[in-house]
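Student: According to Swiss-Prot, the active site, proton acceptor annotation covers D69. Feature annotation from Swiss-Prot assigns site 'Important for substrate specificity' to Y12, Q70, E154; the stated evidence is sequence analysis.
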Amino acid sequence: MLPLLLASSSAYRRELLSRLRLPFTCCSPDIDESHRPGESATALVKRLAEEKARALASSHPAHLIIGSDQVAVLGERIIGKPHTFEKARQQLLDASGASVTFLTGLALLNSQTGHCQVDCVPFTVNMRTLDSTRIERYLHAEQPYDCAGSFKAEGLGVSLFQSTAGSDATSLIGLPLIRLVDMLLAEGVETP
């Protein structure tokens, strides 16, 4: 089996990948993550996932490189990482009582052959109606400023959800393991 490399510095993705009990290393790619004019949210996350994997190919020949990227979509608007309390507060106020779809782009690049599998896995959450007090309590407790849409689903963020719909709950955290296992199997990698 070619060595696995996770093209990410995300602790959340690292924890998810470790669930497969396969040895892997991590390396953070340096790419421009800007949204291109006219680019759909699906095209954006697929492109960024592949670019993250390809950015490490020359320095990691003969590896299986996993790239992933996620955005949240509210209506027609892409909402990314808020980075600040005020932006997170506004994102959650906007999402109150609405449906938010998380799109997670996933790429598995065989840097030996150049073959790359790319997909996008959606996961929808229906938000509870949230007031400012609840939002601020959540933000102070969780500080989800590095999470798309200000939702930290692996923590208290799940308390903001009324219901969820999707084929792979791990995609909500940023690495869709069910789809990744399919891709790994296509490369001849069996999970324990």
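A Cβ is built for glycine as well, from the same backbone N, Cα and C atoms used for every other residue.
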Student: Measuring Cα to Cα, how many angstrom lie between the residue listed as 'active site, proton acceptor' and Y12 (site 'Important for substrate specificity')?
Tutor: 12
Student: Given the recorded positions D69, E154, and counting only Cβ atoms in the protein chains shown, which has the most within 10 Å of its Cβ?
Tutor: D69
Student: If I restrict to non-local contacts, at least six residues apart, and a C-beta distance under 8 angstroms, what lies near Q70 (site 'Important for substrate specificity') in its own chain?
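Tutor: Listed in sequence order, they are V45, F102, L103, T104, G105, A148, S171, G174.
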Student: Give me the non-local Cβ neighbours of Y12 (site 'Important for substrate specificity'): same chain, 6+ apart in sequence, Cβ-Cβ under 8 Å, ordered along the sequence.
Tutor: E154, I173, G174, L175
